[in-house]
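Engineer: Before I ask anything, here is the structure I am working with.
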């Protein structure tokens, strides 16, 4: 521990201590294919005497080997011939479609039109609300004036009714003959207007 100086620590290599190629799945090379075909051909020489079942089994084995080789390539790192799902390609395509200039400009134009329409309608609504509030205040004032006028009129009518009652009593007491004649004429007029 004491033998290591601080200058040795600064000169250490900055490369990874583990080689990632050690963990990579090896590719099927031509040698392995040649070995597979050689082993299957040597197996055929030994089985010349076997029936057609043996030929079918070897053809099935070769087919399985071919399928196995194809599927093993899809999962090897960096050697994807037909990947199941390429995330980077999907993200790139979705971003390029989202940012397509024609679609993007058209979307911005639609958004601008919609925003302008919303702004104009909101201004119209604000104007309508302000005019309605002004009219409401005006009508509240008018209603209050009308209520006061109505109270005054009903009070005046009540006073007039009491005055008329007093006058009728005075006329009935002081001029009973004339009062009864006038009352009969009034009743006749009311009767003739009904028929």
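Quick reminder: no glycine exception, Cβ is built from N, Cα and C everywhere.
Nobody curates TrEMBL annotations by hand; they come from automatic prediction.
Sharing the record's features from TrEMBL:
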type: COMPBIAS; residues: 1-17; note: compositional bias 'Low complexity'
type: COMPBIAS; residues: 45-58; note: compositional bias 'Acidic residues'
type: DOMAIN; residues: 94-179; note: domain 'KxDL'
type: REGION; residues: 1-61; note: region 'Disordered'
Engineer: Treating G and I as helix alongside H, and B as strand alongside E, what does DSSP give for the domain 'KxDL' (94-179) in helix, strand and coil?
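Structural biologist: In the domain 'KxDL' (94-179), the DSSP-based counts are 83 helix, 0 strand, 3 coil.
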Engineer: State the mean pLDDT for the domain 'KxDL' (94-179).
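Structural biologist: On average, pLDDT over the domain 'KxDL' (94-179) sits at 91.
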